Amino acid sequence: MLSAFLSVSSGSSNWRLIHLPLPLKRFYFTRVSVRSKKLVLKSGGSTSSSSPHHHRHRCCSSSSSSSSSSSSRLVRRMTSSSSHSHARHHANNALSSSQPPVFLETDISLSLATFGLSVPAKQTSRFRNLLGKERLLKRPNVNPVQVSEHAPDRRILLISVEYTSLSELLSAMPVESTSIIKDAIDTSEVEVIQPYEVNVPYDALTMQECLRQIIPLAEVKDDDLQGSFELVGRVAHVNLRDALLPYKRAYGKVLADKNPRVEIVVNKTSATKNEFRVFPMEVIHGPPCINEDDGKLSLVTEVKQGRFKYQLDYARVYWNSRLEREHARLCETHFLREPKGGGQVVLADLYCGIGPFVVPAASSDGTKGGCNCLVYANDLNPDSVKWLKENLRRNKCSSNVAEASVDDAVLYARKLVRRGIRFDHAVMNLPALAVDHLVPAFQGILNFDELATDAGSEVSQVATAAWDGWQDDPPWIHCYCFVRGKTSSGGLGDGTGKAAAAREVEHVRDAKRLVMHRLCIGTPAQRAAKRQRADDDDQGGGGDFEATYAPEDLESIDADEEARFECKAHVVRNVAPGKIMVCVSFPLPVEVASTRSSPSDVLARL
Ligand SMILES: C[S@@+](CC[C@H](N)C(=O)[O-])C[C@H]1O[C@@H](n2cnc3c(N)ncnc32)[C@H](O)[C@@H]1O
């Protein structure tokens, strides 16, 4: 893109380099005051002088009606942003001055062609009522009633852009109103002004309208400019298409300007491949975001789910606001029930993140939906556990959390049993891999002979006593997984009717079979052995980032066993086309928990 740079040299000034995109330039500089750090811009081609239709009637909406106020607004904004620019330059690579520029707001406006009815000022309400609200121009920040430039005692009623002519307008109105307006036109009480040009300023434009002016590329579709994003407190997360990358800073700024809660915009730069499920990101809009202690990106933000508040560093821990309903559902459906023997429900959250299951489960505040469980929380990411502890403190539920551990989930589950900690529920929310962790975590977990041999008889006695009679009330495992959609849309689709219901049944069945397959329940070993899997170590995953399955894995499940396997599966969300997240909840089967086969024996059978 063509551009011009202005450099202002001043020892102490924050002004260094200002980049002006040429296609947007309609300003020239009249004065640069280094002392006051003010840059005074004057319109060198306002809409009126550059418009080929300058003879037409025109109006500006209130927020941009005066060019001097536009200039002062611009000066104000630039001055305030300059206070951050030095730090930004050094601290934030993503926003260094070598990046493409942010545009000038005053250069972005839209000229809307419509038509108006000029009416006597005193008759404004009468004609406005006759026309009806729905036929007047509807745009935020644009008043559909304008004072006439030429006759101060007259008002112009701006007509909705849906109507391109008077006849179209009149034919859409009730007959009586039509004839009153026609008569008024005949007697010149009402005058039709067509065309009537309305200048809609930056503040009143939609995100798409603003970006369209900055990004004229044909390959960028309007849909790409709608500005869909996931909001995590003050941070908006976007996934920009490649074609938009040269304009990422402008995109980030418009998105933040149009969404008052957004302060920082980050773009996902590639697929999530790390074990902590934190995606690689780049800040494309916002203040400096570098942690001074370690020089790394840090995006501390606050989110709310239900009646609980969480703080987290979005650059370092996993968070997905779209799981809010699922967090609440699991708690309401399972953790409020008392165990058979009575007493407090004990929960093990093996991949707890920053605590969206732990906090409501542990909270004893029933008015907030707290379940008053005793919770053992664990996550491999030390940052997650750090924020978990902070969130327990903020939500006043630390006393119900027995521990917040940094460990591998598989090892942690087995350690809990050995220590004689009997949990009623285990949550496994790592959908990419949790099914592959089932056997390593739970196979033979309650085979106390084995516990005795590999952990010493003392430990075994504690564990045996704690888990005595567990068969009558086995722990429930809530395992999240991904299944593929088989239909052409590949996912849940938008439909609500029979087709959507049928798809949901399919996803539930596939998820159930996937869990059975991984637990080797109802799976003829010889058929299952054909399955191609790379991840065969007993940490479940062996460096892979996503569990996979072949269609025949699911088809191999024995129908009678499937009917017998007690489980409740719930479709959580459509993550991507052909990738559906499902939660499978089931009581840990006796044959899995008490088997004498070691996890590696079982994995070898797969
Ligand atoms: C999908 S996130 C879910 C976090 C949280 N339950 C939630 O709903 O927001 C999965 C979490 O598992 C953690 N994790 C990944 N591998 C793990 C492992 N082997 N053991 C324990 N935690 C693990 C990640 O750090 C991440 O916080």
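Backbone N, Cα and C define each Cβ position, glycine as well.
Of the residues ASN291, ASN395, ASN429, ASN447, TrEMBL places ASN429 in the same S-adenosyl-L-methionine site as HIS327, ASP379, LEU380, ASP408, ALA409. Neighbour counts were taken at the CB atom with a 10 A radius for the binding-site residues ASP379, ASP408; the maximum falls on ASP379. Of all residue pairs in the S-adenosyl-L-methionine-binding list (HIS327, ASP379, LEU380, ASP408, ALA409, ASN429), the one with the greatest Cα separation is 22 Å apart.
Of all Cβ atoms in the protein chains displayed, 25 besides its own lie within 10 Å of the Cβ of ASN429 (S-adenosyl-L-methionine binding site).
Mapped onto three states, the DSSP output places ALA409 (S-adenosyl-L-methionine binding site) in helix. Neighbour counts were taken at the CB atom with a 10 A radius for the binding-site residues HIS327, LEU380, ALA409; the maximum falls on ALA409.
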